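The structure appears below as structure tokens.
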């Protein structure tokens, strides 16, 4: 099998196999070919990962931040040097075209390692003067963290979680999605090669039961999950039993509002990126595209023209712009949503069919005349299916954009920047864009509100989610006691 790793797991600095665990076949979504076969972590593997992480963390936390940073920076350099090889593996694992993985996946992971390497030595406490006495604070690592990844950006997510955790003195046990398990193993290898002490970043494979075993272990201080809302609810509840720190980056049904003074080509380009990039499998996608009535038909006509020109096919072809969905199960789910949109009265503008057999392909699909009550406007599809809704006034657009239980992201396109800032200030979303969409630089915090999650990935804000504050009162004079 062309992508078979040395072992299913990576624990305490080396590959680890236990074939008594349930098999995990890894399928290349473009052909249905099995490219690797891994095994779920057994209780013994889980214990080895947690024990080695807990054991290694204290010495790592005691290391000077600049020394930790040096290791992470080396890992970032190694990733960049091997970007082509790693991107090929990412394409095999996810089905995303090389045109994407070469620029968006491991590249962002390398950025995260580099950013947090640079930030780590600058994380300091504060001094609070109290006359003769004073208080100083220390930011301390939380300890042993658990990261749980999603299948859409497996390697990027692994890096986004590992980078702040390790930079700030924590250890991490990471469980990738069982659908895309390969990239995290490469990250673990690279970190060891860069000089990371064994045990600090362990990778274990498995389905929900493995995640539950990790999240509920008494040694775990923090859980960071990227996943669906139902999974997030379960993990959040399990973590709450031990009063653990949590970061939850969950699903979305994000609005993209296009006013009639917007640059039409840019707005259409953003809507396409926010619905068709990675075959629509991005949590922050702007899948509810609100277009002001006066430009709706012009918007739809040009959108259909550009969508029909998207080149689909073999993800290993560097000219291909859109690959398959990640699995047969995801294909069936997306096709069911398309049929429901038809049945509920959506006007099909383009696409709407499975495409490019064999493989899990769906055409870029656009429905117009979608109403807020339709399933397509309420539920996360996670596929290349765009819902276009029309609106008349700014106030209407804001109210309807916020009429959802999700709150991950939102976008506004307009030539009036005063209006743009005014609208963004009222949108209930953790991450917003003005005249852009789905750009997530690691320097900026990313995360949602409402059912889309708690906490933030990336940026300086992530420091608060991987450290805790110790407050130290220093008395400089005699103690004045009343007894």
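Note that Cβ sites are derived from N, Cα and C of the backbone, with glycine treated the same way.
Swiss-Prot names 27, 93 for binding K(+) 1. Of 146, 173, 179, the residue it gives for the same site is 179. Swiss-Prot names 149, 150, 151, 175, 176, 177, 178, 228, 229, 230, 231, 251, 380 for binding NAD(+). Of 283, 350, the residue it gives for the same site is 283. Around residue 229 (NAD(+) binding site), taking its Cβ as the centre, 18 other Cβ atoms fall within 10 Å, counting all chains.
Distance between Cα atoms for residue 93 (K(+) 1 binding site) and residue 283 (active site, nucleophile): 18 Å, as a whole number. Taken residue by residue with DSSP, residue 27 (K(+) 1 binding site) is part of a strand. Note on proximity: among 27, 161, 450, the recorded positions of the record, the Cα nearest residue 178 (NAD(+) binding site) is that of 27.
Taking the mean position of the Cβ atoms of 27, 93, 179 as the K(+) 1 site, the remaining residues of that chain whose Cβ falls within 8 Å of it are 26, 28, 29, 94, 95, 151, 180, 181, 182, 326, 327. Of the listed recorded positions 93, 178, 249, 457, the Cβ environment within 10 Å is emptiest of other Cβ atoms at 178. For the pair residue 457 (active site, charge relay system) and residue 161 (active site, charge relay system), the C-alpha distance works out to 8 angstrom.
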